[in-house]
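Notes for the one structure printed next.
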Amino acid sequence: MFLFEKSFPILKKISPKLNFFVEGRQNTFSILAKENFNSKRNIWFHTASLGEFEQALPIIKEIDRDKYHILVSFFSPSGFEVKKNHPAIDFAFYLPTDTKKNMQKLVAIIQPEISIFIKYEIWPNLLTQLKEHNSKIYLASALFRKNQVYFKSWGNFFKKALFKFDYIFTQNQDSIHLLNEIGFSKASVSGDTRFDRVTAQLAMNNTVSEVERFLGHDLCFVIGSSWEEDEAVFVEFINAAPSHLKFVIAPHEIKKNKLDALKNKVKVHTLTYSKFKTYSSEEIKAARVLIIDSIGLLGKIYAYANIAYVGGGMGTSGLHNILEPATFGVPIIIGMNYEKFPEAKMLIELGGVMSINSSETFFKIGKKLTNDKLFREAKGKICKDFIQKNTGATKFITNQIFKAN
């Protein structure tokens, strides 16, 4: 970690995102110094990025803010820069690098009564300092795999860090078995709070008027969180699709050069969300593709989908959230790299999610879902039922934590 900190000046010059990563950490303590945490009962959540924040959010929303002050730290700029002003939290900051000196200073300032880490976030020096300050420490929506360092013969340093947790709430029984094998017993299966998060979306206002105008009465294929590797398999299908099928594409990266490259590949009439007000009714009616060049709309847009493709699975960046479209009862296509995502494996076994590995297999499945309404609706129902059967993690976790405190 010391060498990592020393590399900060170099990292800042590589990309704007890394600049956020570095600048944010260098300013953490000066920002914290301006706050008064001593007079408050602090609950501290640590989330790696945007996805983990979404897992924490259902728990955060259950906390009585008259009693507790809610702090959230982030590792990644993609989480902090988007969610730092979220109304459900009181204070957000970048987690400093996990050195003993940094964590002694950080924990002494915040003095959290309760500390909740999400999924994979296990930082040995931080956990040691929290334990020394008598903070109650929990890991929520945890997911373990046998190939992780905690379960290796040479992983004792990180294995000891796990034992700093007062309790661990896991997503599945396999994680419990792995913990039991190393002698950790203070754990139970709670499930994944993301199921509660996406279910709550159903009760929200999911109207996106631009999408409604664009679609009219046509069938809607939503492509969410796509990368260049995903574009390689779906563009051919878009260019050959029937006129009654329209596409809404929400790329993961919305930089101009990335969007321009996508537009150049798509050979049918394409609109962009940010310019929608400038289009005539005739242009909107004639268009076949709408590219979403704005952040924060995808969760709502899935409400319009008849079919969805969720990106990330064709490359190594990681599969994005398939639970968002599933909650709306949408059949889902993903790439072939999904082994680290238990929800994807389960939905593939059930039949609601279909995995592809080429533009040819995308074309075949996409055509079947487009042309066969009964097939499409049956696949969508599998997804919706799966979500409904797996809610309840938030209530389980909050009952355990606040009963103990």
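Cβ atoms here come from the backbone N, Cα and C positions, even for glycine.
TrEMBL annotations: computationally assigned, not manually curated.
Feature annotation from TrEMBL assigns active site, proton acceptor to E52. Taken from TrEMBL, the feature domain '3-deoxy-D-manno-octulosonic-acid transferase N-terminal' covers 38-196.
Here the domain '3-deoxy-D-manno-octulosonic-acid transferase N-terminal' (38-196) has a mean pLDDT of 95 out of 100. Long-range Cβ contacts of the residue listed as 'active site, proton acceptor' within its own chain (separation 6+, distance under 8 Å): G79, I118, K119, Y120, E121.
When secondary structure is read from DSSP and collapsed to three states, the residue listed as 'active site, proton acceptor' falls in the helix class.
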